[in-house]
Amino acid sequence: MTDQDKRLSRRHFVGATGAATLAGLAGCSGGGDGSDGSDGGDGGGNTLEVLHAWTGGDGARAAEALVSAFDEEYPDVDHEFNPIGGGGNQNLDAVVANRLQNSDPPSSFANWPGPNLQRYEGVLGEVGDVWESEGFEDVMVEEAVDLHQYDGAYRGVPLGSHRLNCLFYNTSVVEEAGVDPDSLTSVSALIDALETVQSETDAIPMTHGASGTWTTTQLFASTMLGQEGYDAYMSFIDGSPDEAAVRATFESLAEILGNYINDDASSIGLTESNQNIIEGNAAFIHQGNWAAGAYRNAEDFAYDEDWGFKTYPGSEGMYMLHFDSFLYPSDNPSPDATEQFMAFVGSEAAQVAFNQYKGSIPTRTDVDMSQFGPYLQETQEDFASADERPPNLQHGLGVPSETMTTLNDVISSEFSGPYNVDAATEGFVDAVSN
Amino acid sequence: MSNDARTDGGTVTEADPGASAGLLAGIDGYRVLLYLGLLGMLTFFLIPIESGLVTSFKNPSGVSGSLPFAPPTGGTFTFEKWRAAFDALGRGLINSALYAIPATVISALLGSFAAYGITQSDWKQKYKAPVLALFVAGIFIPYQAVLVPLSQFWSMVPLQEWLGFLWALGINNDYAGVVELVVTHVAYGLPICTVLFRSYYKNMSEEMIEAARLDGASIRRIYRRIVLPLSGPMFAVVLIYQFTQIWNDLLFTLVLVQTESSAAAPIVLILAGLGTSLEGQDFALRMAGAFIAALPTLAVYIAFGEEFAEGVAT
Amino acid sequence: MTRNTDTGDDSGDAVADGGVAEGGQRSGFSPIAALNERFGSDFVESSQFWLPPFLLVGLFVYGAIIWNLLISLTDFRGFGTPDYGDLDLQMYSRALADSGFIDAAINTFILLVGFTLVTLALGLGLAILIDRNIRFENTFRTIYLLPMSLSFVVTAQFWAWMFNFNNGVINIVITSLGLGRVDWIGNPDIVLWAVMFALMWQFAGYAMVVFLAGLRAIPNEHYEAAKVDGASTVRMYWRVIIPQLKGSTISASVVLMVFALKAFDFLYSLVGGYRPPNGADILATKMVREAYANLNWAYASAVAITLFLMTLGIVGPYLYYQYNRGNL
């Protein structure tokens, strides 16, 4: 015990000076402003250090908007926002894990709430007083209230939300095939439509980027929700899966993936796959609505004219939930500044600044959406009025990260072509069962 | 493949040494096939590099619209990717040099010490053999077998405190990772360095050393005055080999520095994530980056190919 | 190189200060004499040279392996420190029940054997070609060995492009022959062979260099004798020359197998992440992923020990062989 304590306190000291110099050097390299360095040295533990993984494109722009909004609200807080690039969130997770392991935590880091918090057991602090003083419980959707608590205390604050049960399409391709996307209200109707696209056009019916397994796991979740319904999906997530429902979902997936996707699916990622929609090579894609960011950035590719959105067939009236949140490590190097930052993250100013660029929506339900485009405004309406907001499976809210890893291992070994329905069903049922 | 080329030519038996003297004399069916085989293999080894090189000079429409091994045309030619790659990797070049050069020099020196201490001194073979066996076996250890303890070890060493004077100078404290990389690479590079020097010292003339010993010279003096000055050629081999190995290694950088966003990120770490973002796979950028990362080792290889070959062959 | 004398001496001093055995050298005389008596006359005096490097290697390599073994017996995961009070083989039984581990072990084995064999074969072919009294020998040799000087990270970029589904050189060649495109990286049944092919490209030059040294060491009379007997070139190589390359083959195989075990860098760079393409997961990648992506430290250590034992199974006999031949 005493050894441990000693180590902790030493590390704490190291962390503080480390953060200070980090800030100092970044000041130098950023603006060439040498005075920052000495400020950092004096300020010591007060420098706010935030880690996130928004390094490219929309994400980087959104992060910039967040920082400048923060500067406006809290001009006196010394801060250092460090984007950690590489491997999706992998490198961020590794860096965060390493620093938490060494008792050298950052002030805050971006991550998912929900069961995902389990992997940070014992290293997260509490921000309940921020929730209280800012009145977040009254303005956030109720799922946000639930999912940001772990062990009876608030561990972080949500910044924005993406929607998972989305089906996007290229308008001219579906028109050419004579398919009306709005009429697709069941997974079997979707499969029929894919067949129609296949026979009527040269386009890929459904484009899929499966170089990582996560796209398929994500598709499983939406398909299960759409085909087997909310209750079946929720009992799967909660650890009492209905084997028949899982099997039926995989059977539909095997039909879709086995017949209607692009030949190079297993060697391309989300971006190339999404490119197929933009270039008119494919009719449909299932993705989280971050995919829409690419449409907005593409030239001459307008919502409702060139591309369209349909709630994933069968899941109408539901909003499969995703949160981008900031978590609060215990042993915090800058407790005061971090609490200010936490209060800021949940504020309207932050959520508007960030989400309009990120292509996501605020988690508050009282936000003026006028600065957002028509697509996100509709998403926000769906969000606020949804009958159910089930948590996603692949992005931390549904199952702990360990279960998620197992699910992806199953997809990798049994369901990346050839599609082994039996083995995948067994693997998924085993993985989530309590 | 190459075997075929040779067997088909088996009708004419031996190439007598004179055959290659005159170009005309060498031209017969067998020689033609031999050279075709050689050139075929040349193509095999060069095509990935050539394809990468031409691709790195193409704009996106050139990358997707032209043959991967065809040079860019006027319309598809661009330096843009090289510029972007250099912007991304430039700091990595410096960071890599910061640990690769010291680690190379230190491991070569220590390897020379160890080999000298084991080879050119008089102690019993039956005790030397296990010491040596441990060095030799150390060459083959998969780094994975030491990775978890290694990161535990470095998280316990208060390097950040010890190097506090550097941070006070305004150096980013990420550079502790560079120090860790130097020590780590020295430790894991030592076995191969020792074995390379050992094979050299074993064949070194013992007369001078014997004479010096009879004069009462200490072991240290003999090393400084006789062995070290004679070690030049082997130092060249070891330095080149080690530099290549350390510069090229990714695993330790991934574990000790972790992210390309770090101020101290080595070039291989930045390159591993280059051009694969949510914006898509930018192959032209990846190729340009690959060449920039390879330039130092390529330059060393082209300048010192013989020493490199000797290093890998031992 | 001329200044080396000085630097060598300085660092010699610096290192000697750190040496553990140094303290005893001047103060107590009799223990030294006893040590020298036991181990040989220069044992203590030469230790200033070999002991510090030996300790460094001992600590970082062998100390770390033992430490790793200990960690693999704990349940260490997530944050904090391992609990060494409760040691068991649970992680190893978990590995045996983990189909991902079994797949990775099988893939490792396939890669090991397949890669080593094809690389040896190509390397031998190249060495024989080069050894046929050709012109521009240096140029050919330099180019064949060139990929060896490149980082796995660099070659992974090249081969990701070579294997690209739509625009890669290999698929372009294949389609020009009238065959359909192949999804080299994406097809789990093919990807391991594709990786093997790329690694062969990188290391064939190495095998060539080793074999070339072996070929050049064979006395000319053996060629002459075979010729006098009227053996064809093929027969001569097959019956007379290749059998004499046993030593080269063994050392090249060992080194190649060790490279194959380390193919992590290549697979990581191919996808830019911890999870290699489906069907190409090997123990080296699984170990790093379990440790640094999943924080399953103890489990990763158990995988590492498995990998280490595989290496030992290859290198142990080799060391014994070298020892018996007096090469140590």
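The backbone N, Cα and C atoms fix where each Cβ goes, and this holds for glycine too.
Keep in mind that what you see is a predicted model, and the values were worked out from it rather than measured.
Among the features that TrEMBL reports, transmembrane segment is placed at B:32-49 (among others).
Residues or ranges marked as domain 'ABC transmembrane type-1' by TrEMBL: B:93-304.
Here TrEMBL flags B:97-119 (among others) as transmembrane segment.
As annotated by TrEMBL, transmembrane segment applies to B:131-155 (among others).
For the transmembrane segment (B:175-201), the list of distant contacts is 95, 98-100, 102-104, 106-108, 110-112, 114-116, 118-120, 132, 135-139, 141, 143, 146, 150, 154, 159-160, 163, 166, 227, 231, 233-234, 237-238, 241-242, 245-246, 249, 252-253, 256-258, 262-264, 266, 311, 314: same-chain residues at least six beyond its ends, Cβ to Cβ under 8 Å. Taken from TrEMBL, the feature transmembrane segment covers B:175-201 (among others).
The feature transmembrane segment is assigned by TrEMBL to B:222-244 (among others).
Tertiary neighbourhood of the transmembrane segment (B:250-271): same-chain residues 88-89, 91-93, 95-96, 98-99, 143-144, 147, 150-151, 154, 172, 174-178, 180-181, 184-185, 188, 286, 289-290, 292-293, selected by CB-CB distance under 8 Å and a gap of 6+ residues from either end. As annotated by TrEMBL, transmembrane segment applies to B:250-271 (among others).
Annotated transmembrane segment per TrEMBL: B:283-304 (among others), in sequence order.
If you count C-beta pairs under 8 angstroms between the transmembrane segment (B:222-244) and each of B:32-49, B:97-119, B:131-155, B:283-304, the highest count goes to B:97-119. For the transmembrane segment (B:97-119), the list of distant contacts is 128, 131-132, 135, 175, 178-179, 181-182, 185-186, 189-190, 192-198, 200-202, 219, 223, 227-228, 231, 234-235, 238-239, 242-243, 246-247, 264, 266, 296: same-chain residues at least six beyond its ends, Cβ to Cβ under 8 Å.
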